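Chemist: I'd like to ask some things about the structure below.
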Amino acid sequence: MENRWQVMIVWQVDRMRIKTWKSLVKHHMYVSKKANRWFYRHHYESPHPKISSEVHIPLGEARLVIKTYWGLHTGEREWHLGQGVSIEWRKRRYSTQVDPGLADQLIHMYYFDCFSESAIRKAILGDIVSPRCEYQAGHNKVGSLQYLALTALIAPKQIKPPLPSVRKLTEDRWNKPQQTRGHRGSHTMNGH
């Protein structure tokens, strides 16, 4: 039988970021109990030697599986020391990979209190609204003016330690796009 390759997206991450992620997940699973339905699988429980941990997050009938890897081929930079993260959405026999932003939104939908757009309607109707959003990483857009006014009125409470964000885990701190100068600031265009 011929070899079959399966390609998957693995986000290159430095090991300190993975260590922080694991620590936050364990804290919110066992101490704060905000993620008590999550399941953490250690590296010695995994049959694959490159997997350093797995976090299974139930989302209704589906689940999100976040795997951290070690011992991968290093990247083009010296700090890419063979660490990585893959994010997978599974439901029964179907699975697909998702990006960190979508993963955070899915986590937000099923867990953590939110002062969301529906709070405006509830406040107008006289219902009690949740005063804050516990998981800011799950929002990827700017709210309406009414929403921004209500959030300015009710100051968000900072949670220590912060909730684990998949987007923050996979964020590239070193390769942020360079800010290019405008027409006035460009030395080559001005002939200097």
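Using the three backbone atoms N, Cα and C, a Cβ is placed for every residue, glycine included.
So Swiss-Prot lists the following for this protein:
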type	residues	note
BINDING	His108, Cys114, Cys133, His139	Zn(2+) binding site
MOD_RES	Thr96	phosphothreonine
MOD_RES	Ser144	phosphoserine
MOD_RES	Ser165	phosphoserine
MOD_RES	Thr188	phosphothreonine
REGION	14-17	region 'Interaction with host APOBEC3F'
REGION	40-44	region 'Interaction with host APOBEC3G'
REGION	54-72	region 'Interaction with host APOBEC3F and APOBEC3G'
REGION	74-79	region 'Interaction with host APOBEC3F'
REGION	75-114	region 'RNA-binding'
REGION	151-164	region 'Multimerization'
REGION	151-180	region 'SOCS box-like'
REGION	165-192	region 'Disordered'
MOTIF	108-139	motif 'HCCH motif'
MOTIF	144-153	motif 'BC-box-like motif'
Chemist: Grab the same-chain neighbours of the region 'Interaction with host APOBEC3G' (40-44) for me: Cβ-Cβ under 8 Å, and only residues 6 or more beyond its ends, written as numbers and ranges.
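Modeler: Residues packing against the region 'Interaction with host APOBEC3G' (40-44) from afar: 22, 25-26, 29, 51-56, 70.
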Chemist: Could you find out if DSSP has Ser165 (phosphoserine) as helix, strand or coil?
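Modeler: Ser165 (phosphoserine) sits in coil per DSSP, no helix or strand.
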Chemist: List nothing but the one residue from Thr96, Ser165 whose Cβ has the fewest other Cβ atoms within 10 Å; the candidates are the modified residues.
Modeler: Thr96
